[in-house]
Amino acid sequence: MKCPRINRSLFPLKMVLFCWYGASSSLIPYMTIHMKELGITVEETAIIYTFLPVTQLVCTPLAGMIADKLGRYKDVLMISVLSSVVFATAILFVPPAPNPRMEHPDINLHCGPVVLPHVAVEKCWGGPCDVFHTDRTNPMRLLGCSVYCPGFLNSEYLPSKKLCNDTRSYCFINDDLRYPLIENNFTVQMRLHEPYPGESTCQYLVSGVIPVFDTDSPNEEDLLKSMCPISVNEAGGNCTIKCNFQQLPDDDNGTFPHINRCVRTVGNRVLTFWLYFFLRILFNIFASICLTLLDATALAMVEAHGGQYGRQRFWAILAQAVFSPVTGYLVDLLSEHRGYMDYSPAFHFYNVLAVCTAIAVWMLSVDVPPPAQNVIKNFKKLLQVPPVIALMIVVFWLGSMWGFVESFLFLYLLDLGSPTFLLGLTLTTGAIVGLPFLHESDWFVRKVGQVNLLLFALLFYFIRFFGYSYIYNPWWCIPFEAMEAFTYHLMWVAAATYGAELAPVGLLATIQGCVGGFHYGVGRGSGSFAGGTMMSQFGARLAFRVMGLASGAMLIVYGVVYYPWLRRKEREYRKHVAAEAAELELHARNALPNNIAEAGNCTGSGPQTPEQTRMDGHLANNSNHNKMDDDLRNVENNQIKS
């Protein structure tokens, strides 16, 4: 038995796909829960995910046009990969949004020769000033003091532990040497008058102070004549002292006399949201460009070196099956060690694998078509071709189905009581089942045809969604997850190769950008929005059934429109594209320098030999366009398959 021959020319491409899809699967599945860890709310997450598909739809085809215009896929791809690393790293350092926490209001005692001793309480609630009792004393603990003197711009804050050790002796209670503040936790009982409200504070005049020590119990005899518990002493003059106190529970019942608290936030929620918003959009743009150009590069190399596109995608899906669970395990391991959720392993895995991708891209030898002269003009013509329009509509529809199931299947399974590891098992199931189909995808494309594979994808979405809607045990999702071999893996091979066959000269990356943008961009976003709305209004089961009916409806419409009408239009369009390719090839040969042309005439003139004809067809093949005879033969074969 002969061993299969390894195509060494495509080995760097396999490295690129393995590293890039490994990087993507290490980070992207965890970005939503990373947003939650940053404190970004569900509403803010929805806003971000609403804009991501729009930017992807606009920027991905634009990058494809630039690559087609320059004819330099490798350069644009390397720049996009490295740019995604920069923005992924920046996302890792986005400061978390502040979490509001309830705290007691600030309590400050103001004393001095020019002010009456009074307590000012921060008013951070609506309603009356009823923080303290006025019929009995209120326990408070000293935290620290600041001294404000005329002629000095800055004040010095002394915490309670330092107050007694200061050489200026601020630590005596009203110059009464019987009560030095020798304890670190200096506590007093204050009797206060009725409050008078200010704009932002509630103010209470002090009517008496009782020092509290661990060895003595306070009594009314210890009530000091002076109303300020802290002396300024050597500061002298008109200096004012401001001391910060902490309110203590009542001795009677151990509760605070006032339940109102201040809602405080440390940080800037607006900064967190907008910084993450822009960084995530930029990251998504460059990551989407990488996906598009990798498809275009893979198709060009497969065509040039005689490989199979599905077998290259095999390594991409294998990387997803390997790296995603490994990253999740490391996140859990590190989070358990640190005591909080730490998603940095996902970002580090992404950065390392993305840099490896850039290195592997640099090693690629990519033969792409010559730069197109009128990319925008040709692109507008492309969008007027009925088979291309139909492909974009079907890809958009399939993207909507995919976006819905990717966004809400996990929530549905959790509602059914699914364990967490089953969620990861669904991803592994789809990847493992899809691997043999990808390895033999060329056989499916040749025997079944791209259009029929797209119709099969719609059919299996119909079965899959209705199956989900009728299960009550979450483990029954596994058979339906296995259908991802048709709904995603073979579907994408069919869509990518079909788009490549429909692409005119010089528009390979452009049409791949459109296919990717309609599926991963606007299609995914539309499916998430529509499905989420239905789930919130009618429940998950009905939402799955409606999406299943939508898939079945597109299956019928596309099949009915394609076979009687679109197939004939596609045949005419392919003839036209093949004729243009032959004409461009003829112009390219006529544009050769005279000495090369003369050298060619010396070797042989007159009609081309079959060998020369086959060589010309091979050269045209490298630019993704066969000669007319080969193209017509492919059309006939596709019609037979369809």
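Each residue, glycine too, has its Cβ placed from N, Cα and C.
Keep in mind it's a predicted model, so treat the numbers as computed, not measured.
According to TrEMBL, the features are:
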| type | residues | note |
| --- | --- | --- |
| TRANSMEM | 12-33 | transmembrane segment |
| DOMAIN | 12-546 | domain 'Major facilitator superfamily associated' |
| TRANSMEM | 45-64 | transmembrane segment |
| TRANSMEM | 76-94 | transmembrane segment |
| TRANSMEM | 273-302 | transmembrane segment |
| TRANSMEM | 314-335 | transmembrane segment |
| TRANSMEM | 347-368 | transmembrane segment |
| TRANSMEM | 388-414 | transmembrane segment |
| TRANSMEM | 420-439 | transmembrane segment |
| TRANSMEM | 451-471 | transmembrane segment |
| TRANSMEM | 542-565 | transmembrane segment |
| REGION | 597-642 | region 'Disordered' |
| COMPBIAS | 602-612 | compositional bias 'Polar residues' |
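For the transmembrane segment (76-94), the neighbouring stretch richest in Cβ pairs under 8 Å, chosen from 45-64, 314-335, 347-368, 451-471, 542-565, is 347-368. Per-stretch counts of Cβ pairs under 8 Å to the transmembrane segment (420-439) identify 314-335 as the leading one among 12-33, 273-302, 314-335, 347-368, 388-414.
The largest share of C-beta pairs under 8 angstroms with the transmembrane segment (347-368) comes from 314-335, of the ranges 45-64, 314-335, 388-414, 451-471, 542-565. As a quick check, the transmembrane segment (314-335) and the transmembrane segment (451-471) miss the bar of 3 or more Cβ pairs under 8 A, pairs 6 or more apart, so the two do not touch. Distant neighbours of the transmembrane segment (45-64): 32, 35-36, 76, 80, 276-277, 280-281, 284-285, 288-289, 291-293, 296, 379, 509-514, 516-518, 520-526, 528-529; these residues of the same chain sit at least 6 beyond its ends, with a Cβ under 8 Å from one of its Cβ atoms.
The transmembrane segment (388-414) and the transmembrane segment (273-302) are not in contact, since fewer than 3 Cβ pairs between them lie under 8 Å (pairs 6 or more apart in sequence). If you average pLDDT over the domain 'Major facilitator superfamily associated' (12-546) in this model, you get 78. Of the ranges 12-33, 451-471, 542-565, the one with the most Cβ pairs under 8 Å to the transmembrane segment (273-302) is 12-33.
Listed by sequence, the residues of this chain that lie at least six past the ends of the transmembrane segment (542-565) yet keep a Cβ under 8 A from its Cβ atoms are 386, 390, 394, 397, 400-401, 404, 408, 412, 451, 454-455, 458-459, 461-466, 468-469, 527, 530-531, 534-535, 642.
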